[in-house]
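This report refers to the structure that appears directly beneath it.
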Amino acid sequence: MSTQQHNGQAAPAQPAAAHMPAPAGTVPPAGAGAGQQPGQGQPGQGHWPGGIAPYSSPIPMARTNLGHALVSEWTKIRTVRSTVWTLGVMFALVVGIGLLSAVGLSGDFTGMPLLSSGLFGLMLGQICVITLGVLVVTSEYGTGMIRTTLTACPQRGRVLLAKATVFFLLAFVMTTLACALTALINSALLSDQTLPSYERGSELADSFEGGKLVASGSEWLGATVGAGLYVALLGLLSLAVGALLRHSAGAITTMMGVVLLPLLMAMFMAGKALQDVRDFLIEYSPLNGLASLYRIPMTTDQDATGWPLLGGLAVVTLIVFAAAYALLNKRDV
Amino acid sequence: MIEAYGLTKRYGAKTAVYNLSFQVRPGAVTGFLGPNGSGKSTTMRMILGLDAPTSGQVTVGGHAFRGLPNAPRQVGALLDAKAVHGGRSARNHLLSLAQLSGIPARRVDEVLGVVGLQEVGKKRSKGFSLGMGQRLGIAAALLGDPQVLLFDEPVNGLDPEGILWVRNLMKRLASEGRTVFVSSHLMSEMAQTAEHLIVIGRGQLMADMSVTEFIARNSVGFARVRTPDSEPEQRDKLVAALHEAGGQTQPEEDGALRVTGLELPRISDLAHSADVRLWELSPHQASLEEAYMRLTQGSVDYRSTADMRTGLQQPAGAPAMAGAPAMAGAPAVPGAAPQQAAVPGIAAAPQMPPGQQAAHAPAHGAAAYPGGPQDAPQPGVPGGGTLQMRAPQPGTNPYAADAPAAPTAPPAGPAAPGMPGGATNEGEDAR
């Protein structure tokens, strides 16, 4: 923290500038002397009329980039309790419910693909990920931390991008791990099933190999990576919605609506006239996307894998995120 | 170095900051004074790029804040002690900020030590007192060892020991050649910390000068001299005699004269030799705190009571003083309720746009003060500029709704005190 001599006019933008000899006769900005007491300066050094050379830090200055923001956001996300709580509860719900349902169903014929019962836990677990996604952004607005953050990094887009990346990777890894663990439990406890005679010739019959229910590679992929990706994307959408609304409760409520409302509305749409609307709502309900990844789609199309819906979710997320990115740069904090 | 040019910020119909221009220079603590709601924080937020100005611009070290490649290394800021995530420990909070700008992690422990929080660095900041919060905020500002520092009300919530510490810290930072810009609503605090003052009220610049100058202009005593009301020629005679002897005079609102630069006995002698009778000759002393209070009083009242009074206390016969023309006209009538008051020595000249200055300064200086506006170091004569202060009019406040938003309103203010013989300097004897 030593005072170094410095060209009177140069902003300390480049650290190198601080060590250059101050050019003689540097002209101070107009009117700079008005409030200063003259005559205190060391001759030939500080060219500021007040006699004090502008401060220059001895700490080398790094040019910041997204990497710095990523490290910072990682520190932030791992040092608050909400992260531990939401992800912990998500893990407990997914694995716990998966284990309970597997134990409960074991021995009987379940009538669904081997890994499908993992969906039940994840339907609740995704709410935790949504909550965390919202909180990653809105907790900064709620506490006022956002002003500190954006003062420390006025490149606002970089902050949002770093938050999104760190959160998405964390949510994806954690959800995929939980889903994979659940899938392993299911495959261990539920593969001993006997195909009842009335199911012969059904699609499920193809999944029986040597008297055991097995899951294909694509089923495994859908129930682990697919489900993890889907929920992490939902969380990312929540993060973007949080950045748009800047309010925790508002954003969480909005996301609950997005996830639950299509299906709830469809349930009350009886009658032929609304058939098309109902089918549309069910097909594009976020819950149907998740169910399809577990190979138990809610529509009549039993071949749905959920991947196209996941792509759709990715597109929606991208659009909302772009809107949040643009608005963040535009709005006052 | 912070430079603002014509900074204006509107929130809907409300104008928080209007046409603010100033420079904050390195090597000195610059106090940023104004009552609550006068636009200090808004200005700070605009400097930091958090709020975009409606018009005008502000630069730090020649760059717009949002264009700085590594902002925390150049500008440190304490905006709000509570602007931290309470669930994170103090150390982790600072660590995340350090990482954001590539500052080594050991610097975090350094600044924790500087602000005296090393003991509680691992504690969550939720449990911090306001004073500890301020210290944490100051630590965050110091983290990047920046050239420019902004502190918004840094002594809020600090105990006397803490206040002293902040005061010395500010001075030390400035003595190292940094630009230190500190906002406060306490004149007494700033008088002890700052070397330079920028005073705003209702979002507009009221004063931009060194503390020494502010004190010189505002707390120096003066003599009130009153000649017989019935004989104006006596007054003119006295004024001539006083000017000849090197004194400065300034007409008071009630017809008396404010005389500076001459001792009371000398004034009496001069009056005697000029054969002028005196009705009053009294010494007056204005304190710095009072000067500041008067300076900012208008905005304070405007904020707190304007709405309440309009409906409840306004007598039926009171004239509706709405709009700029009424404002400009009213004080020119002697004896009219004082509505505008020029506060001596509060010069906004260097910051006023040329048009505004041209419009009002001549009227002010030439008519009222023969010496002209430029050679007036004494209190009571504005240093070449226009004065902006509107004392509250009891019962009415025509500015209440949208005055600063109306472009004509602010210039209308300074015009009034400049009317020859008009009501001026109500502020000085309003006590």
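Cβ coordinates come from backbone N, Cα and C, glycine included.
Taken from TrEMBL as is:
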- A:10-31: compositional bias 'Low complexity' (COMPBIAS)
- A:32-49: compositional bias 'Gly residues' (COMPBIAS)
- A:1-53: region 'Disordered' (REGION)
- A:84-105: transmembrane segment (TRANSMEM)
- A:117-138: transmembrane segment (TRANSMEM)
- A:159-185: transmembrane segment (TRANSMEM)
- A:220-245: transmembrane segment (TRANSMEM)
- A:252-271: transmembrane segment (TRANSMEM)
- A:307-328: transmembrane segment (TRANSMEM)
Q.
Within this structure, do the transmembrane segment (A:220-245) and the transmembrane segment (A:307-328) have 3 or more Cβ pairs under 8 angstroms, counting pairs 6 or more apart in sequence?
A. yes
Q: Considering only the recorded stretches A:84-105, A:117-138, A:220-245, A:252-271, state which has the highest number of Cβ pairs under 8 Å to the transmembrane segment (A:159-185).
A: A:220-245
**Q.** Long-range neighbours of the transmembrane segment (A:220-245), counting only residues six or more past its ends (CB under 8 A)
**A.** 115-116, 118-119, 122, 125-126, 129-138, 160, 163-164, 167-168, 171-173, 175-180, 182-183, 251-252, 254-255, 258-259, 286, 289-290, 293-295, 305-307, 310, 313-314, 316-317, 320-321, 323-325, 327-328
Q) Who are the chain neighbours of the transmembrane segment (A:252-271) in space, where the CB to CB distance is under 8 Å and they lie at least 6 residues beyond its ends? A) 126-127, 130-131, 133-134, 234, 237-238, 241, 245, 277-278, 281-282, 284-288, 298
